[in-house]
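Novice: There's a structure below that I have some questions on.
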Amino acid sequence: MKEYLTLTQIQEDLREGVLTCVNLVKHYLDRIQENAHLNAFVEVYAAEALAAAEVVDQKLARGEAGRLAGLILGLKDVLSHQGHAVRAGSKILNSYTAPYTATAVQRLLDADAIVIGRQNCDEFAMGSSNENSAFGPVLNAADHTRVPGGSSGGSAAAVQAGLCHASLGSDTGGSVRQPAAFCGVVGLKPSYGRISRHGLIAYASSFDCIGPITRSVADAALLLEIMSGADDFDSTVSTREVPAYSESLAWSGKARIGYIRESVESTAIAPEIREKTTALLDRLKAKGHAVEPIEMPLLHSLLPTYYILTTAEASSNLSRFDGVRYGHRSQEATDLESLYKRSRTKGFGEEVRRRILLGTFVLSANYYDAYYTKAQRVRRLVREESERFFKQFDFLISPVTPTTAFKIGEKTEDPLQMYLADIFTVQANVIGNPAIAIPCGSGENSLPIGIQVMAPYFGEKNMLAFASYLESLGLKH
Ligand SMILES: NC(=O)C[C@H](N)C(=O)O
C-alpha cells in the first residue's frame with residue numbers, strides 16, 4: 001500500500017475508489033502482525049475495526065461519512081474507551097474495563113475515526129523510554145536495540161512503523177513530543193485546557209494533556225480541531241472558541257524566533273542535535289526571520305519543579321488504586337491496611353512506587369514548604385518569564401531532546417539520567433503552553449531528530465501554521 005502522509009491523501013483515494021476502509025484496516029492489521037516484535041500494541045480490535053470499516057465504507061458510498069473517514073487510529077493505554085480494557089501499562093488495573101469513553105476519543109469516533117487497538121506505554125505515563133510498562137518495552141522501529149521514547153512509546157512507534165495512521169497519546173512532561181522525536185513523527189501537546197481530560201487516566205492533573213501523534217502537521221491540526229473545546233465533564237477545559245486549525249495552515253510573513261542559547265551551545269546536548277538545531281536557525285535567519293538567542297536563568301529549575309509537582313499530584317491521584325475499588329486485590333491481606341499495602345506494592349511497578357514515595361515526601365508536613373510550596377513559586381516565576389518572552393517573540397525553538405533514542409536498558413539504573421531526557425519538553429507543561437515536535441532529519445546511525453516549536457498560551461493556530469511551514473522546508477531529509 002502507498003505511504004500516506006496525510007488523511008487528505010487517504011480520503012482522495014477513498015473517493016476515487018482505489019481504496020476502501022476495509023482494505024485499509026486489513027493492511028494495518030497485517031502490519032501490526034508483521035511487527036508484533038515492536039510490542040507497540042497491547043491489544044488489537046481486529047473484528048471490531050473491520051466491522052466499523054464496513055460501516056464507514058457504506059457511509060462513504062452514501063456521501064454521509066464524517067470528517068475523519070479513513071482515519072485508522074491507535075489509543076494509548078491511558079484513554080478510556082467504553083467496554084474496552086484500559087490498564088495504564090500497569091498490573092494494578094488488571095481487571096478493569098472502561099465504563100465510559102474519553103471525550104477526546106468520542107469526538108474522533110463521532111467523526112468516523114476507527115480505533116484499531118490499545119497501545120503500550122510507560123506505567124501511568126511515568127517514564128521517558130516505555131521501559132516501565134507491565135507489558136514490556138517497545139522497540140524503536142529505526143533500531144530495535146533502542147527505545148522509542150515515552151511515555152507514549154507504543155503510540156509513536158506504531159505511527160513510525162506504519163501500524164496505524166495516527167495515535168492519541170498523553171503529554172504530562174513531553175510524553176507525546178519526546179517519543180515522536182525519537183521515532184521521527186509529529187507530536188502535538190496542546191495548551192492546558194484546550195482538550196478535555198475526561199476519560200484520561202490521571203497522572204498529574206494540572207499538567208496532563210491529550211495530544212495526537214501523526215505523520216504530518218496537517219493531521220495534527222485536524223485532530224486537534226475535532227477534539228478541542230468545552231466539555232461538561234471537565235471543568236478545566238476552556239470555553240474559548242476553537243479555530244479552524246486545519247484550514248489555517250498557510251504561513252506568511254516573518255516570525256520572531258527566540259532560542260535558549262544553552263540549547264545549542266551546551267556540551268550536554270549531543271553534537272548532532274546541536275548541529276541540526278543550529279542549521280535550522282541559520283536557515284530561518286537566511287529566510288529573513290528574526291532569530292535571537294535568549295538566556296533562560298530558570299532552565300535548570302524546570303526539571304526539579306516538574307518532578308516535585310507531578311509526583312505530588314501523582315501520589316494523590318494514584319491513592320484511588322487501593323485494591324478495594326479497582327483492579328489488583330491482594331489475596332494475602334489480613335486486614336484493611338495490609339490490603340492497601342500488599343495490593344499497591346504488588347500492583348504498581350518500581351517507577352510508580354518511587355514517584356508515589358517522592359510525592360508523599362514532598363507533601364509531608366515537615367517538608368511541604370521546602371519542596372511543594374517552593375516548586376509552586378518557581379512554577380509561577382517560569383510562567384512570568386515565559387510571558388515576558390512571548391511578548392517579544394512568536395515562538396521558542398529548541399531541540400525536543402538532548403540526545404537521539406538511547407539504548408534499551410541504558411538509563412534504567414539511573415532515574416535521574418532518564419528524567420534529563422525531558423529537559424526541553426517539561427517547560428510547556430509547567431506553563432501550560434502548546435508545543436509541537438516535528439521531524440528534522442536524522443543524525444548518526446540514521447536515528448531521527450526532532451525540533452520543538454513552542455507558542456504562547458492558546459497560540460496553536462500560529463504554531464501549527466509555522467510548523468507546517470517548517471515541514472514544507474523539507475527538514476526531514
Ligand atoms: N508523562 C510524561 O509526559 C513523561 C515524563 N517523562 C514523565 O515521566 O513524567
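Cβ coordinates come from backbone N, Cα and C, glycine included.
Automated prediction, rather than curation, is the source of TrEMBL annotations.
From TrEMBL, for reference:
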type	residues	note
ACT_SITE	LYS76	active site, charge relay system
ACT_SITE	SER151	active site, charge relay system
ACT_SITE	SER175	active site, acyl-ester intermediate
DOMAIN	24-464	domain 'Amidase'
Novice: Hey, how far is LYS76 (active site, charge relay system) from SER151 (active site, charge relay system), Cα to Cα, in Å?
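Specialist: With distance taken Cα to Cα, SER151 (active site, charge relay system) is 9 Å from LYS76 (active site, charge relay system).
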Novice: According to DSSP, which of helix, strand or coil covers LYS76 (active site, charge relay system)?
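Specialist: The three-state answer is strand.
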Novice: Please compute the mean pLDDT of the model over the domain 'Amidase' (24-464).
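Specialist: Here the mean pLDDT over the domain 'Amidase' (24-464) amounts to 96.
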Novice: Among all the protein chains here, how many other CB atoms are within 10 A of the CB of SER151 (active site, charge relay system)?
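Specialist: So the number of other Cβ atoms within 10 Å of SER151 (active site, charge relay system) is 36.
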Novice: Ligand 1: which of the active-site residues LYS76, SER151, SER175 have a Cβ closer than 6 angstroms to it?
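Specialist: Passing the 6 Å Cβ check against ligand 1: SER151, SER175.
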Novice: Between SER175 (active site, acyl-ester intermediate) and SER151 (active site, charge relay system), what C-alpha distance do you get in Å?
Specialist: 5
Novice: Which of LYS76, SER175 (the active-site residues) has the most other Cβ atoms within 10 Å?
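Specialist: Counting Cβ neighbours within 10 Å, the top one is SER175.
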